[in-house]
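S.K.: This is the structure I have questions about; it appears just below.
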Amino acid sequence: MKTSTVLAAALAAGVAIAATHALAQQTVTLMAYSGLFQERYTAAVVEPFMKANPGIKVEFFGLPNSAQMLGNLRAQKAAPQADVVIMDVSVSKAATDERLLVKIDEASVPNIKDLYPSTRIPGIDGVAVTFDNLMLLYNSDAVKTEPRSWMDLADPRYKGKVAFNGMPDIQGLSLVLILDRARGGTDYLRSVEKGIAAAGEIASNVQTWEPKPEIYPVIVSGQADIGLGWNARAQVNARVSGGKLKAVLPQEGSVFQVNTINQVANGPGKDAAAKFIDYALSAEVQKSFTEVMYYSPTNARAQISEAAIARTAAKSMDKVIPVDWIALAKVREPIMEQWRRKVIPLSR
Amino acid sequence: MSAATSVLPAAAAPARRGPGLPLVALLILPIAAVNALGFLAPVLNLLRMSFYEAQATGAMAEVYTLATWATVFGDGFYLALILNSVGVSLAITLLTLACSYPIALYLHRASGTWRTLLLVLVISPLLTSAVVRTYGWIAILADQGLVNNALAAIGLSRTRLMFNLTGVIIGLTEILMPYMILALLAGFGRLDPRLEEAAATLGAPPCAVFRRVVLPLTLPGIALGSLLCFVLAVSSFITPKLLGGGRVFLLATEIYDQAIVTLNWPLAATLSILVLVVFGAALVLYTRALRAML
């Protein structure tokens, strides 16, 4: 009897302390990419947000990829720990379908009225927060003349010197889509046969379909001469490597990779989570993040510096091939099948 | 005679009265509890997940279906994957055995400080993680690496040694060698130098001594080491991922791709269960082989 009284008292005290604490300080847990993204996003978005909102603390929970974020959301479905998740649009679709997210609307996040129309994707609860695009990367010591076409990857002089993430990674898939269109393909949802054939021509040059730890150091170190990578990270690596790695947008154009920002259903942070999302989508914050990490902004009102915008695909929108990643997910398996049968064997 | 009893302790065991059933149950309880929580429960969960429905978008619906299992058994790719994994793992196991056996035999006969020193050398690779050792192999096997530079220096042409099956086999063989050597040493208990001497005295040439005395007596060690290495090879994933260059398709790497890249968790779960089935088959073979030996 006595023990239980003490326990109850302790519990009550604990609850009281927690309650006062909650009043004084709310915590928003943000789940997003670790590494370079975490470092730059914390400096450009998270810290300024906390300065502007002293009552809200943001915890950055970094994970290497979107799939692991979905894994966490699935595992915590009964008692979510995260409030806001930044992840790839196709993973966001899966999370939406599993009812792990809340729909973001203008009532809770007013800034979405300033976003480009393409940021609000049907069937997805979140909205686009960054656009990135596929680039051709090369080592400027080994490659003296700037490549102009994706098909330069098939040039015999790069035999054994080409590296990129093949399918099922979306870089390999993106390349197939770009090449399919360049070769006259019209509907990637129906057939990408031409793209697969073109990728097959590149296959015999490929050193590795899985550059590790990622493509950028592999190109910088000269282990591979030429490859594919995402623009934002490529631009940062180009600067850090002193121009050893160079990135170019080839003539056939490129595709966008879309990161969405999402609010977790029943997250502990509640309205503070929506407040953070609104802040992350504001014109000023989009400007400062683009200027340090070179993702194309999704807010139409963001006034990006000339130097930074030149490093994004925002200036060459006419070269961006529209891809419906959600519809594409349904035909991904058959494309993978063709990749396995018609591309990989040519690289042996 | 004392040697004979010490190498065959099993023969003496039935004479001793074992502890009573309640005590046995009590002693087994902790490990059973740990296994139930840490192994059995997750595996059952995995089994359940393998029957969930995987939607095209990557979403997983908690509706039971046999679709994933049907895909795995109906699609030649997955069957080839299983056969390929088993074949590659067997090759790695045999190679590891061939490289480790002479070392283990020498270690078994060495004595004193020399033996301790050699044992430390054998075990020390285990102090660094497999990831670090795999990166070491990348430096050695790369196109501009140690081996290829040496080949070029003596006028031979460079060959592709990694980002293919060759690289995976070389890397895994070295990584598994310490386990094999330790397992072999543990299984060499029955090998007594006096038996070899006796055979030689009776006129057996060295190769006959090896074939008729040494090899049969070391078979338990060989079986144990092979089982251990096979199981480790089938489940290894980091080394094939780093050294395979996306050309080597194994069960473990496919499970990773399905879980992390394509988000098809039911398929990843199904393949994981199949890996367990492969392990079970290996274990059955091992116990059969052991029974045949004793």
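Residue positions begin at 1 at the first shown residue.
Yeah, the Cβs are placed from backbone N, Cα and C, and that goes for glycine too.
Got these off TrEMBL a minute ago, pasting:
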- B:27-47: transmembrane segment (TRANSMEM)
- B:59-80: transmembrane segment (TRANSMEM)
- B:82-286: domain 'ABC transmembrane type-1' (DOMAIN)
- B:86-107: transmembrane segment (TRANSMEM)
- B:119-141: transmembrane segment (TRANSMEM)
- B:161-185: transmembrane segment (TRANSMEM)
- B:221-243: transmembrane segment (TRANSMEM)
- B:263-286: transmembrane segment (TRANSMEM)
S.K.: Hey, which of B:27-47, B:86-107, B:119-141, B:221-243 has the most Cβ-Cβ pairs under 8 Å against the transmembrane segment (B:263-286)?
M.R.: B:221-243
S.K.: Of the stretches B:59-80, B:161-185, B:221-243, which racks up the most C-beta pairs under 8 Å with the transmembrane segment (B:119-141)?
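M.R.: Ranked by Cβ pairs under 8 Å, first place goes to B:161-185.
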S.K.: Could you tell me what the rest of the chain brings near the transmembrane segment (B:221-243), counting residues at least six beyond its ends with Cβ under 8 Å?
M.R.: 85-86, 88-90, 92-93, 96-97, 100-101, 104, 130-131, 134-135, 137-138, 141, 162-163, 167-168, 170-172, 175-176, 179-181, 183-188, 250-253, 255-256, 275, 278-279, 282-283, 286, 289-290, 293
